[in-house]
Amino acid sequence: GTAVSCCLQVPDWFLRTSPYAVLQTFQYSLFYNHLKNIEENEGGLDKFSKSYKTFGVNQFVDGGIYCKEWAPGAEAVFLAGDFNGWNPFSHPYKKMEYGKWELFIPPGQDGYPPVPHGSKLKVVIRAQNGELLYRISPWARYVVRDEDKVNYDWVHWSPPQSYIHKHPSPKRLKSLRIYESHVGIASPEGKVASYKNFTYNVLPRIKDLGYNCVQLMAIMEHAYYASFGYQVTSFFAASSRYGTPDDLKEMIDIAHSMGITVLLDVVHSHASKNSEDGLNKFDGTDSCFFHSGHRGNHQLWDSRLFDYANWEVLRFLLSNLRMWIEDYRFDGFRFDGVTSMLYHHHGIGTGFSGDYNEYFGLHVDEDALCYLMLANHMIKFLHPECITIAEDVSGMPALCRPVAEGGGGFDYRLAMAIPDKWIQIIKELKDEDWNMGNIVHTLTNRRYEEKYIAYAESHDQALVGDKTLAFRLMDAEMYTNMSVLSPLTPVIDRGIQLHKMIRLITHALGGESYLNFMGNEFGHPEWLDFPRRGNNESYHYARRQFNLTEDHLLRYRFLNAFDRDMNKWEEKFGWLASPPAYVSEKHESNKVIAFERAGLIFIFNFHPYQSYVDYRVVIFKYEILLDSDAAEYGGHQRLDHSTEYFSEEYPHNYRPNSLMVSKIFFFILLSSELLLKFFGQIWSLFWEYLGEG
């Protein structure tokens, strides 16, 4: 069982916000009552969340097959498949309590399993109207689609020898640098790429770039490839379009051998409406796993919404998380669509100003929030090294505080306002109208003692209909002027410099973790568009052209090198794991931002044409560490790296020492604490933005 205390450790900051503390205490009581009921009726959360080992079709050591399903609306349940010549009635399930059904098939002669590995199966449901429905088990581990078919088929996956993991999971990371990835598009070729390709071609690239975590999208099986994996049809099945379950296990194992943490983008906020190869109408009713009627449908996503108050839905979802951790060795999850889960309005047509009335009240889906608390409690109790991330745009208070405090229990939340801000600035404002205070506010506006994942752009900005930062900055000139043999035009020069500045200031100021979507590190051109009828099933935009960084005649390699070195210096100094930055300057007319973090001084000049001579900054002593004006970053090589600079006792921006920098474009500098720590081994990062003005 799971030992649980009913004592709620509500922090002082929340008690001061009464009456909301009363509502938070009520929410915790719901969580505690659920946990207590699981203890009393299921033998504990440990046993309850292991249900993936008994539900579905599972093979015993002696070769026998045990089958179990939850189909409360069914009149009868049968198992049919290749093993019995697709006879729909020869293997009936026995009805149990609470809508459950079970079937045991003894082993064949000499202990051979009656359902061979690789054979096709279907659960046959006799609905209340007498109709026979052929369904895929909600617990199916492997489903495939033949090229000439529309729907997926359930294939029994029980190989004689499954993949054996050889490498332990990495230790919990202090600084999380996430490479958001999609296996299917991880190749320059116009096709669906494989787990094997990702293992041997992409993981080494991720390691070289300095990312220590990969977040995998579109792993849970989804019938519609263009859904980006967010219309899940089989929750326990790893997508077969990339390879076998063992291929995925090997991929994760190899990532672990490189010290890379692997997270799964898990979709528990909704499910596909497919019924032939999905959860919808599994037992012939409109409900089963979902709310019935209007409440069970998401009007924007055209998908089904789970009934989180249902006991068997909790079993299904909690067991799903545990299966991905224990069978595949995922190191945690990014929970998709958390805002939709938290509120009955699903965030549709709703803005969030930060007023606490927006986060507490009857519009909050208490059952969904209780499920998220249970999920995080289970993960932390059984696998404390695992990481959980919430994709929430609303800013729900305490979502990333421990469950014992009445919080949601997540480790991180996505700083979703940051990419929106960069898009708004680039799209709507002239360079001279950029507001330094507004940029700093967006990058630092986060809840106290809750960890945020900062990112300048993710997969959302790369999708067709939107534009990546690089494409917004350079647009059509990316087709003609990214060659070093062509003149460095003002558009390309501006785009390359701003691309680096935006990513570094987001990395250093925006949160306690950093995320990048694959390919965006080097300014991947164009957009993402999966094969569909509207584009004649083309794969042209459903790929990542990593080869662009390997061509020394193209400027993409400069952005790639800068991103790599940015990550590697974070690895050395750990600013993501440090306390939030102290911003010492945000000068509107000079367009200069300066801040201190991790014993470093960061200075950015966002002025479109003005460089500065003898600009006073807060610093003690520095020399150049990493210069983006150097040749390897596509710069003009105008700086003398042998020069050292010393401060004077001249107060500036509430600091006792400062100096006059001879030229300022963009800097990252070390402060005196690290100078002392490293016994005078002084380093600095210097970067010129847009010439000498």
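For all residues, glycine too, the Cβ spot is worked out from N, Cα and C.
The domain 'Glycosyl hydrolase family 13 catalytic' feature in TrEMBL is assigned to 189-563. Annotated active site, nucleophile per TrEMBL: Asp336, in sequence order. Annotation comment: TrEMBL describes Glu391 as active site, proton donor.
With a 10 A radius on its CB, Asp336 (active site, nucleophile) counts 22 other CB atoms from all the protein chains. Across the structure, the residue listed as 'active site, proton donor' and Asp336 (active site, nucleophile) are spaced 5 Å apart at their Cα atoms. Within the model, the domain 'Glycosyl hydrolase family 13 catalytic' (189-563) shows a mean pLDDT value of 96, rounded to a whole number.
Glu391 (active site, proton donor) has a Cβ environment of 20 other Cβ atoms inside 10 Å.
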